[in-house]
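First up is the structure itself, then whatever we jot down about it.
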């Protein structure tokens with residue numbers, strides 16, 4: 001009787017071993033498609049469509065939606081040289097849009113320089129000085145309007161990047177949880193959301209106003225010999241640069257340390273659970289661990305695809321406004337260089353200062369884009385560390 005039962009058990013186990021298991025077959029595409037269907041990608045798709053609409057006006061033939069679909073299918077093709085050529089072309093177009101302002105500044109600056117040279121011909125010197133001052137104020141008002149638009153472009157760029165990150169991070173964290181990175185998700189979820197809002201608030205409400213105030217004070221110092229506030233302008237400028245660098249350092253440092261600590265904990269824990277499942281649970285334990293590995297592998301593929309598209313979206317959300325700001329800065333610097341030989345020294349110095357401070361706006365927006373780029377890289381890389389440790 002015992003021998004008969006033993007033979008039946010052996011036959012049953014042999015049937016389990018030779019029976020094919022369709023759920024664990026190499027049909028990974030169906031599993032990936034099912035996981036994509038279960039994800040809430042509405043906010044991400046809406047952002048990608050909005051970005052595509054903005055990009056299409058500037059870089060034709062480029063679509064993040066298409067890249068996302070190609071990444072889902074495992075065939076990602078990008079024309080890097082074509083993108084660089086399109087960005088250079090966009091810079092040239094943006095610079096050409098500023099040529100009308102450049103022409104106004106040069107022509108009116110030349111007239112002011114002539115007026116300044118002819119001051120001695122007036123019977124009342126105060127009248128000439130008054131006319132000269134009014135002309136400079138009018139020109140600087142026109143220049144400051146363009147400067148304000150450039151700062152608003154930087155504000156909008158940071159707001160768009162923060163909004164995109166807020167729609168992308170939940171998807172990445174969900175996929176990380178599917179990989180078993182529960183500790184990493186628990187540690188990084190509050191850090192990312194709080195830091196995103198803090199960084200956006202500080203850059204938009206402190207750094208940009210400091211740059212604007214520094215520009216105004218610098219212009220006042222260049223126009224008046226009696227009223228000098230150049231040191232205060234330098235203080236505001238240095239404060240904006242210091243705050244931007246501090247935010248970049250603290251954000252990436254905290255995110256990296258907490259992420260690595262959580263990844264190590266998750267990797268060791270998952271490795272222990274996998275070993276216990278395969279060793280303690282007979283026969284079925286090995287099947288369960290293989291199933292978990294299959295699901296985790298598909299989740300890792302999806303996360304990497306979403307991460308690649310997220311990184312590209314952040315790059316374009318940052319690059320296009322930065323190129324626009326840079327073109328305005330080049331225009332101011334060029335106008336200052338052309339006006340200086342004409343004798344409009346005060347106006348030339350003021351435009352040179354505006355160009356320099358626009359470069360600070362450029363640096364602030366680029367720093368925020370770099371922060372988000374590093375954050376996405378860390379998040380995508382941490383799950384790979386967890387899988388490696390597992």
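Using the three backbone atoms N, Cα and C, a Cβ is placed for every residue, glycine included.
Whatever TrEMBL says is automated annotation, not expert-curated.
Owing to the predicted nature of the structure, the values given are computational and were not obtained by experimental measurement.
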Which range is it, out of 108-129, 130-151, that shows up in TrEMBL as transmembrane segment? 130-151
According to TrEMBL, which of these ranges is transmembrane segment: 83-104, 171-192? 171-192
Same-chain residues at least 6 beyond the ends of the transmembrane segment (130-151) with CB under 8 Å of its CB atoms are 98, 101, 104-105, 108-109, 111-112, 115-116, 119, 208, 211-212, 215-216, 219, 223, 324-325, 328-329, 332, 346-347, 350-351, 354, 357-358, 361
